[in-house]
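What follows is a single structure, written as structure tokens, with notes after it.
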Amino acid sequence: MPPQVSDEQLGDALLQSAQYGAFPQDEHVASATVPSTALPKLLEVVTKAREDTKNQVRQLSREAAPDVDGWITQARKLQHDIKRSQDTAKEIVQLAEAGKENMARVQDAASKVSLLHTEIAYNESLVQTVEQLRDISTLLDSAQNAAVNGHILHAISTLEDADDAFKRLGPFMTTRVVGVLRNKQEQLKKALIETIIESWSGLISVDRASHKISLHQLIEREAKVDINTTVEALVKLGFLDNLIVRLSRDIDKTIIAPRLAMGADRVVSSFEVHGDDIQRAGPVNDGSIKTTIGDIQTIAEYLNTRLPPSIVIPLSHKIVPIIASRLISNHLLPAIPLSTEGIPEFQESLSYVLGLVEFLDELGWSGQSRLTEWVDKSPEFWLARQKEAAIAQVQVMIPKKVLEKKTVERVETQIVSKGDALHAGDDQEDDWAADWDGEGEDETTKEQTISVEEEDMSAWGDEVDIPDEEPKEEVSKEKPSDVEDAEDWGADWDDEIDTKPTTTSNPTAKAPESPNSKKKSAQQKAPTDQKVTLRETYTVTAIPDAIMDIILQVLRDVDALNSADLVKSAISPASGGLYAIPSLLLAMYRATAAMHYSKDIASNMLIYNDCQRLSDRLRLFLQEQAEKDTSSTLPQHLQPSKRLKPLLEADIKTIDGFGKRAYGREMESQRQIIRDHLEDAQGFQDCTNVPFATVCDDAIATTIDRIGDVKRQWQNVLSKSALLQSLGSLVSAALTKFVNDVEDKADIAEDESRKLHGYCVSLSTLAQHFQTEDDNGEIRDMAGVYTPNWFKFQYLSEILDSSLADIKYFWTDGELKLEMEAEEVIGLIEALFAPTDHRRRAIAEIRRTTLTRHKLSTLVNELLHRGDENRIPFDILINGEFLRTTIDQFLTKNGINAEATLDVEYTRALVPPLNVTSFEHNDWVSAVDVLSGVQSGQERILSASYDGLLRVWNTSGDVLATSEAPNNGGRITSLKTAKWLSEKKIVAAGLDNTVRVYKYDDDTRTITTALELFNHRWGVEDVAVHAPSNRILSASSDTTVSLFSSNAKENPAAPSNLLPNSTAASNKRQKLSKPDRTVPARGALATFTGHNSPVSSIIFKPDDATVAYSASHDHTLKTWDLPTATCVDTRTTGHSLLSLCAIPSRNLLATGTSARHITLVDPRASATQISVMTLRGHKNAVVSLDTDPSSEHNLVSASHDGTVQIWDLRNVSAGGQVGEGLTGESVYTIYRQSWDGENVKSHGEGAKVFSVCWDRQVGIVSGGEDKRVQINRAIGS
């Protein structure tokens, strides 16, 4: 039961709640029940509190009463001030209103005063203006009186004064009275102008009707009028220039033009001078330049003596250029002689022109400089005229000469050998048709298996007819450079690739039987030199000889210009420019030949023959001219053999190319026609069924007829050998189409086979076109010589009519494999014969004799279902040996029976390394290393150089960081080796005997020295690093190996006698070059001795970092136990060891030697043979080795012979020297690349390779004597 709460407590709680809103803090009071008996007590408490509050309020009011009274007093005072301010404001407003009225009155008075002043000023100005108008009126009256009295100059002067007075009127210029005076002035001025022009017309009279001009000094009018006064007046009025221009036109039209130019009536008019008159007269009797220039001088003298200088000088500016232009165009240019005989007369004409110039100069005239320039440039004009004439002559000559045809003979003498193919058939045969250019080549080669269509193009650039018949003549793709202004008008015809019909090998150079004959080489006699003359005739037009006649005339003109009579003439300097004319003639010929030859049925062949004829004559001309120039009196720079040879040699190439393209276009056109005829047979499908059989028969017949028609068209044009060769190309195209169609048939029935064989027999009749007669009068079939695929076609014919055994015999014992690919024969067998065991065995036998590595690789890809875009090149190993021949040849070589079981293995082939990029240094690059596997695209390449600096590169060739020069007392010593220890640390050493640990920061792009390790007395040749243990091995020329730690605290103190400041001199240098910071110096953990010569290379054992291997110049390879610092094994070889690397998969060590080979050594104690394998191929010392990170079989080596070679340890063979084990050869050779992309093959001279590194991502990185880091990427795909 809760305790009782008193009424007083309840009252207090109620009062606190009412006054302050406070909640009772006592829990009992808050939860107590208020009984009705407590209400009186509660009311009492509340009433008492209310009364107390009232008393307090009253007390406060009594105390604050004085302050309230003061506030009331201040408020009343404020109201009084406000009222007073309002009254003041009203007074201010009233005063302002009164001021406005006064201001308005003042402004009104001021405006009235201003108006009065303005009126006064206007009246004064009006008075002044009226006075000025009176003066102007007076001036105008005075001018009028002067004009009436004939005082023209005074009148003009007075008018000028009046004009100045008008300008001073200012704003009154627009008044009516001024307008009246202005009108009077204009009328007066107009009258004066009319008077003056009338006077001018009287003084200078032009009568167009009678073609007469009269010039007077003085005329009589109301007053005397002289020309000087008139000119002065015209100058003041500004009319003189216009009148002089009109006068020049009148003189030209009336006198000069009729005299210097032929009019519409084809007559040149003369003129006569009588006193002051000059008048056109009758026709000129003497049209020579001398007479013409004399008449010009007469005109000039007439004008100069009758006109004042104020007229004649400006007039000369207008009239002399007109005279010069008409004289040049109508007299001087036509007078340019076309032959050298007219040059003396032309030279005399030039002297007359210069005399005219001097005469005009004496008169003080101007404008005659054009005549002087023309005389100076007369050699150029003469040369241009000669070129125009020569081109015009060619344009006229070609349409006529193309109709004239003749037969010409080409003779060529060459020295050949009795052992040459020319005498292969008969020692007594001298048939010149061996070869147009005298070459004979063996055509019974494997290359004949190439598509005939492709062979047709091989020797032409775009097209050829007989493959391998003559050397591929390289036709310059560059157009001959322009000589002076000899523009190549035929340039548009040179867009196509040059083509030329190759000449045929001597028929006697080929065995007439077939390629099956292989005994002739044994029957040939010993080679004996013999001179053979080749002759052949062909048809040409008269164009080449006509062009040569023009060229020879050019040479005669050059001789004439440099003769004693003309050598001092003005035209003589142009003689050298004549040598540009031959190029122009040949360009014009090329540009227009196609149009002019088009009417002939064998137009392209005629173009070809003409081009051959022209080029032959040009070559002969150059030879003969060179002999003539030996006794020529011409200066050397003008001798034709010197000036024309480079030009004509370029033109000969161009004209040969033009002829080849014409021949090529014709051949391709004819081949396409033949292919179209055969295309009608639609692949000879259903050739035994009507109506398709008739279509196929017609296709064969029309093809044979077409070739016969073409022969008839060409046989009177082409030479015999060219005709046979061209027909051979057409027959080859037909046979190729037929053979391809037959081979494309999937199934050939027996009746179809007989039908196709019949077609072969029909096509074989084309051999009649290739029958030639030898020196003994015997007819020989040369179809096999001139048609590359003739024997293939003959074999096809035999296959279509043979049994399976016969076909197999053709392949194994015959020469079918020389004409057809194995798959072609197999396809024909599958189409001709049903599936049987005999067919299967025959196909297997054919494939066995042709399977090579490439074909087996293709087969593997097909078995793996890899498409063309995903194919992988594979190497094939049979019984552990690489296949490099056919399987048949491999079995024969190794004595393996064809029925034996073979162990065949395929492996991804190594693709030839691609040269990716190279980085240039300032000195030799001694070492390279790659940091990869950190992040894709973030590979870092480290290079050490003989300039003593390290550089870090990215794969784009950017230098990210370069090390600081080491503190070597001011000396920069070369670095020999460098390795990445981690992403942040690099180890390098060199000729200063010190191993340094560098800190690399990829963010700040810096390389700083962090630790220097001392223990060697001579230079350090190599270092090896083991990142997990922070261990470093160094090999030195002092015959020792040292072990260090990259952690400075683990190494002992450095030997004081090995520090850079160990001597007084080095200490002084060290002080002079003291760096800003101190690099810690430490000694070695261990020193390994035992070698007797410099140690060249050192490595850790790949799977055990407590074992190391070292190679030395003392011929030994030592194995070291690092914890005990002892040598546990020594292997002695026969040569100095220069490099070393481990091949963990084979437990072998590869060592590069000074004997130019690589020796693979088994370092295990149980090994019974030191040299397991020897790799040969380098031509100098092998100084660096590395393994392929993606293959356990590949090795890369760098040598002083300037190459990096890649080796596959499976590519070996037995039979090496005693003690060398197996022998291997390199797979690929990487040459140093020059900046122009060419391989440097100098056997190491200036291109020695010092270091190589093979990285999975970057590729093969090498550095060397060429101051470059080269990257080659070998992608095994």
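Cβ from N, Cα, C; glycine included.
Marked as compositional bias 'Acidic residues' by TrEMBL: 427-444 (among others).
Annotation source TrEMBL lists compositional bias 'Acidic residues' at 452-472 (among others).
Feature annotation from TrEMBL assigns compositional bias 'Basic and acidic residues' to 473-482.
The feature compositional bias 'Acidic residues' is assigned by TrEMBL to 483-497 (among others).
Taken from TrEMBL, the feature compositional bias 'Polar residues' applies to 1058-1067.
The feature domain 'ZW10 C-terminal helical' is assigned by TrEMBL to 699-846.
Here the domain 'NLE' (849-891) has, by DSSP, the following mix of helix, strand and coil residues: 19 helix, 7 strand, 17 coil. Summarising the annotation, TrEMBL assigns domain 'NLE' to 849-891.
If you look up TrEMBL, you'll see 419-531 (among others) marked as region 'Disordered'.
Here TrEMBL flags 1047-1078 (among others) as region 'Disordered'.
Annotation comment: TrEMBL describes 1088-1130 (among others) as repeat 'WD'. Remote same-chain partners of the repeat 'WD' (1088-1130), defined as residues 6 or more beyond its termini with a Cβ less than 8 Å from a stretch Cβ, comprise 1018, 1021-1026, 1028-1029, 1031, 1033-1043, 1136-1142, 1144, 1149, 1151, 1154, 1161, 1163, 1165.
Under the heading repeat 'WD', TrEMBL lists 1175-1211 (among others). If one looks beyond the repeat 'WD' (1175-1211) by at least 6 residues along the same chain, the residues whose Cβ comes under 8 Å of a Cβ in the stretch are 875, 877, 880, 882, 910, 913, 1138-1146, 1150-1154, 1156-1160, 1223-1232, 1240-1245, 1247-1256, 1260, 1262, 1264, 1272, 1274, 1276.
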Task = Could you put numbers on the helix, strand and coil content of the repeat 'WD' (1088-1130), residue by residue per DSSP?
result = 0 helix, 28 strand, 15 coil
DSSP helix/strand/coil residue counts for the domain 'ZW10 C-terminal helical' (699-846) = 111 helix, 6 strand, 31 coil
